[in-house]
Amino acid sequence: MPPDLPSLLLRLVVLLLLSQAEARSFVVDREHDRFLLDGVPFRYVSGSLHYFRVPPVLWADRLLKMQLSGLNAVQFYVPWNYHEPEPGIYNFNGSRDLIAFLNEAAKVNLLVILRPGPYICAEWEMGGLPSWLLRNPNIHLRTSDPAFLEAVDSWFKVLLPKIYPFLYHNGGNIISIQVENEYGSYKACDFKYMRHLAGLFRALLGDKILLFTTDGPHGLRCGSLQGLYTTIDFGPADNVTRIFSLLREYEPHGPLVNSEYYTGWLDYWGQNHSTRSSPAVAQGLEKMLKLGASVNMYMFHGGTNFGYWNGADEKGRFLPITTSYDYDAPISEAGDPTPKLFAIRNVISKFQEIPLGPLPPPSPKMKFGPLTMSLDGNLLSFLDFLCPQGPIHSVLPLTFEAVKLDHGFMLYRTYLTSPVLEPTPFWVPNNGIHDRAYVMVDGVLKGVLERSLKQELYLTGTVGTRLDILLENMGRLSFGSNHSDFKGLLEAPLLGQTILTEWMMFPLKVDKLVKWWFPLQLMKRALPQASSVPAFYSAKFPVFGLLGDTFLYLPGWTKGQVWINGFNLGRYWTMRGPQQTLYVPRLLLFGRSINKITLLELENVPHNPQVQFLDKPILNSTLHWGYNFLLSETQGSFEPMELSGH
C-alpha cells in the first residue's frame, strides 16, 4: 500500500462527511410557498412539550407518544430563569438538561423547533425572564435598554453555543429557531431591540438556520421583522382563511405556518376549567393541512407547574395560573392518550404516513388513603430555621427583589408604638400587596388580604403588639403589557391613617426546612387550633404493591404548598378551584420504604385533617373566587367573607 494511501482515505472520508452535512438543509421555498428539507418539499406537523414541566425520566415516554401520533417535530421553549437562577450562575443538569432532551427527541426522529426567548410567556413565572433583573428597579424589560440587553447577551452567549451543534445543517435536529415571542402583543414595539436580537442570533448561530417570529393576528405589525420569517398563532374557533390572509400581508410568499394552534387552554385559580372539543380541534387542523400549512399544536402535552413556577395574568384583576398545566391537551397531564389525540391522529393520517403500531396504554394508576395529617408546628415557631441569617431591617418594607428572594414567602414584622383600642382598618394603598398577605396579631391569624381585591381588615392592639404579615408570591405576570411584577409589600401598610414603619423582613427558606426535616422533629409542639395556621402538617405512609401515578386530593384544606418526599409538588387552593387534585408521578414515591407528605397550610385546617390519593384527577370544580377568612372572636373559628374585585 502506498504510504500516502491511509491519509488519502481519511481525507476522502472527511470530504464525504462534509458533503453529507452540506446536503442537510431546511429552507423556505418562496416561489412555491413551501419548506424544503434537504431539497425535498416538506411540512411539519408538530406539537409543544415543555421539558421543564415534565420529570426527565418521563421525557422519552411523552416524546414517543407524540411521534406515534404522527408528529414529525416537537416545539419547546427555553426558560431563561430556569437555567440562570443568579447572574452568571447556570444550571443545565437534571430537569434542566436541555441537551439530554434534544437527544431524546432525536431518538424518536422528531425534528425540533426551538423557542429560546429571551421572553417566552408559556404561562411560566415572569414569562421565563429571571426575577433578578428587577433588582434594578429602573430596568425596561423587552426593550433596547442597555441594562436589559447586557443581561440578554450574556445569557445567549452561554445558551446558543450549546445548541449550535444541534442545528439541522450541523447534523442535529433543530430546523428553526424563534426570536422573542409574540412581541407584537407587548407595549414597547421596539424594533431596535428586535434587530439586536436578530443580529445576536446570527452572530452566534450563523446564516443557515431559519429564524422566525410568532404573533397573534393583531400583533404582526410590531412582532415581525425583515429577515425573520413571520408566522402566526390562532385556535380552532378562528376563521382559518381570514387569519392566514392577514399573515400574507406580512409574509406574501412562503409556507403558511400556525406556530401555536391551541388544542386547549390554561386554567386560572377561581375560574372554570378550560376545554376545547376534540371535533373542533380536529376540524381546524384538517382545514390548515388542506391548505398546505405547517402547524404546531400548543400544547400536545402540557405537564405541571411544579414548585413555584406558575405564571399569572392580569385581566382587571390578578389571575395566578394553576399548578396543573394539563391544558386539555391530546396527552393528559399524567401522560395518557386522550380521545383528542386519536381524533388528531386520524386527521394527520390523511396527509402523511402514521407510524405502525398502537400507542402505549395509559400508565398504571393507584389510589389509597385517607391519611391523617399531624400538626408539626406553626410557621412562626420555626422562624430561626426558616431564616437562619436573621431579619433585614428597614424603616419601610422592602420587596422580594430588594432582598434577593425570587419565590415563595417572606415574613414582614413590626410592633405597634401606640395603642389601637378601637377596631381600626389595616390596609395597603395603591394595590400594594403582591400577592397575598396573611395578617397575624401576636401570632394569631386575623385575616387575609389579596392583590386586586377590595378588602377591609380591622385590628386592635396595645403598645408592643406584634404585627406579622406573611407575604406569598403567587407567581409573576407572564403575559401582558408589564412584566416588572415586583413582589411583597410595594407600599407601607397603614393602620387607619398611620403609616407603619420600622420593619423586619424575614426571607423564608421553606423548601430547605422541608428537606432538613429534623428541626421540626426536635421542636414539634402542640398549638391551639386558633393559632395553628399558617402551619406545617405531615404524614408518613407506605405504598404496597405496584407503584402507579396518583392524584393528591385535599378535601377541606384551603390553600398552601405540598411536598412529597421533599419534592415541591406545587400549590393547592381547594377553596378556590378549579383544580382539586395534584398530579403525583409514581417516580416521586418509594415502593419499599416510608414516604412522607408535608403541607404548609396557610389559612384553614379541616376538622378532620386528612388527605387521599385518587386514581383520577379532579380539575373542574370551581368553588369560590372572592373570599377571605377572618377569625371570629365569638365563635373561635374561621368564616368566609365575600369580597368584590376592583
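Cβ from N, Cα, C; glycine included.
Between the listed residues Asn93, Asn482, Swiss-Prot assigns N-linked glycosylation site to Asn93, with no corresponding entry for the rest in that record. Glu260 (active site, nucleophile) carries a strand DSSP state (E or B). If you take the Cα of Asn239 (N-linked glycosylation site) and the Cα of Glu182 (active site, proton donor), they are about 20 angstrom apart, rounded to a whole number. All chains included, 11 other C-beta atoms sit within 10 angstroms of the C-beta of Asn239 (N-linked glycosylation site).
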